[in-house]
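Let me begin by presenting the structure, written as structure tokens, before commenting on it.
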Amino acid sequence: MSDEIFPVPAEWKKRAIVDAEKYRHMYEASINDPESFWRREGLRIDWMKPYTKIKDTSFDPHNVSIKWFEDGTLNASVNCIDRHLERRAGQVAIIWEGDDPSIDRKITYRELHDEVCRFANVLKARGVKKGDRVTIYMPMIPEAAYAMLACARIGAVHSVVFGGFSPDSLAGRIVDCASSCVITADEGVRGGRKIPLKANTDEALKKCPGVKSVIVVKHTGGAVAMEKGRDVWYAEEAAKVSATCAPEEMNAEDPLFILYTSGSTGKPKGVLHTTGGYMVYASMTHQYVFDYHDGDIYWCTADVGWVTGHSYILYGPLANGATTLMFEGVPNYPDASRCWQVIDKHEVNIFYTAPTALRALMREGEEPVKKTSRKSLRLLGSVGEPINPEAWLWYHRVVGDGRCPIVDTWWQTETGGILISPLPGAIATKPGSATKPFFGVQPVIVDAEGNVQEGATTGNLCIDDSWPGQMRTVYGDHQRFVETYFIQYPGRYFTGDGCRRDEDGYYWITGRVDDVLNVSGHRMGTAEVESALVAHPKVAEAAVVGYPHDIKGQGIYAYVTLIAGEAATEELRKELVTWVRKEIGPIASPDLIQFAPGLPKTRSGKIMRRILRKIAEDDFSNLGDTSTLADPSVVTDLVDNRQNKAG
């Protein structure tokens, strides 16, 4: 935890859309009179048939039902494209930056309209109808955005599967939502390496007899097999169709997309988002959290295969008529200056990335950052996991030169958009804290029995009432939706995250509740111990898990990756134990420290703690599915060098 407070800079108070007084006024209105508040905010998007009903929601476990703006009709692609054509047809909608730094493209709103209509007509020609599910398994290229918006235009439900997932994972997601059509590319490119997307698709489709059509975008030109009658080249089909396509009129509660997310148990859940409430919330959070002004160049580094890419590369920014940057590559290719070079090249004003990426770049030192200008930057954002204060301070001081506020955003695939975050012109920030709730969001902290905890406290984070961006169900399994989120603390949405609220009412996400350690009866979030370790000057990254301990119940097992060039010695191991004792207290002292050259991460950068827990428990006979790991070989090293070997 950092005690430092960073006040809102004076110039931000003047120019921000929301200042401190406006935040207080709007937040109170959103809680005290949600009907009136959301009636007004719903008008930020265009409706074909205006809504008269605002909110019809129940968190009662016997009748969980979430509906917003339910009698209104609209089309998401119209809100992202057509409504901007009168004023900004020639404005750049998407800047595409290729994996190769010499390749980029700029797509205007007029061009986006034509490309999306063409793609929509190709889908229709292949038999895709309103309500059909379409699986998109694509690299980060403009055609991925065209495909998503084309589905929205004709009322098909897209299910985007991250291009790093294995054929098995892809097959499971295709089967679960009964997709009849898959959109893919010949190959993807990341960090100079090719990813065989079409070959993976072919492998997956051996288990998916329901797929009748595969549309293939030619990206690298690599040789791929094409199955006659099923597979078509997108460019050939696009040449046959018109660049106009009338949008389908959709009910606010018609599905827009399904996105699969891992649960703590069982197969991935198909998180279902609908059209009206999601679009209102994505647009609104993008504008207020990032203080988006007309003309800003906005870059979110996520992949469209994750919810962050859906809400904050595509739907939110485009609904607001923004210029959004899509990046095919990785932060350290060809070298560790890549992100900062892209910011200079495209004069990016708002930059939104993940702590994992920042910690990796921190390891490389300041020089790769300092040799770039970054003078266009105005605002920095963090997403995906709690950001440790050390990384926050580096981000602020080194990347932002001490002049850019940081919005540390907390939300989930399930929430559709940001729930807790500073608004940069309204809320002073504390390194490591997501600070305050967004409009309409009522966080509560409860203990294990469900009792609401007041004031400064620690416990389980729940949300007390619905918001428009909330998921509506688990696709095809409403009972799982109810059991996962509404049974444990009846009448509340349970986030699965632990949280601390400080004496100023600021919220600090402490990690998943299943990442909580109980050491000698003391509760401790793994994020807290990790932050202490990473604060040591020789440590680049740390992950902490519990393991069975004869005396304490649970011991603390720390996996530590050192800064490049530092040696893993017994002296350093002892020094780190002393360091953590000093930072948090004796109760937090790691019992075992394993130096690790790398940690098992998914391709989106999340650490697979399940694997780390198994290794720490000396139980690696069943490590589960490791196909989603970016580098499965790190697991072998971790097992070989584990510190808790039996006997």
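Glycine is no exception: its Cβ is also placed from the backbone N, Cα and C atoms.
Around Gly191 (CoA binding site), the same-chain residues six or more apart in sequence whose CB sits under 8 Å from its CB are Asp99, Gly329, Val330, Asn332, Tyr333, listed in sequence order. Annotation comment: Swiss-Prot describes Arg190, Gly191, Gly192, Arg193, Thr308, Asn332, Ser520, Arg581 as CoA binding site, evidence class sequence analysis.
Per Swiss-Prot, the feature ATP binding site maps to Gly384, Glu385, Pro386, Asp408, Thr409, Trp410, Trp411, Gln412, Thr413, Asp497, Arg512, Arg523; the stated evidence is sequence analysis. Under DSSP, Arg512 (ATP binding site) is assigned to a strand (E or B) in the three-state scheme.
Residues or ranges marked as Mg(2+) binding site by Swiss-Prot: Val534, His536, Val539. The C-beta environment of Val534 (Mg(2+) binding site), restricted to residues of the same chain at least 6 apart in sequence and closer than 8 Å, consists of Arg359, Asn388, Glu390, Ala391, Ala540, Glu541, Ala542.
Swiss-Prot lists Lys606 with the feature N6-acetyllysine. Around Lys606 (N6-acetyllysine), the same-chain residues at least 6 positions away in sequence with a Cβ under 8 Å from its Cβ are Thr356, Gly384, Glu385.
Those same-chain residues not listed among Val534, His536, Val539 yet with C-beta within 8 angstroms of the centroid of the Mg(2+) site C-beta atoms are Glu390, Ala532, Leu533, Ala535, Pro537, Lys538, Ala540, Glu541, Ala542, Val560, Leu576, Trp579. Under the three-state DSSP scheme, Gly384 (ATP binding site) falls in the coil class. In the three-state DSSP classification, Arg193 (CoA binding site) falls within a strand.
Distance noted between the C-alpha atoms of Val539 (Mg(2+) binding site) and Arg512 (ATP binding site) is 23 Å. Each of the binding-site residues Gly192, Gly384 was scored by the other Cβ atoms within 10 Å of its Cβ; the lowest score goes to Gly192.
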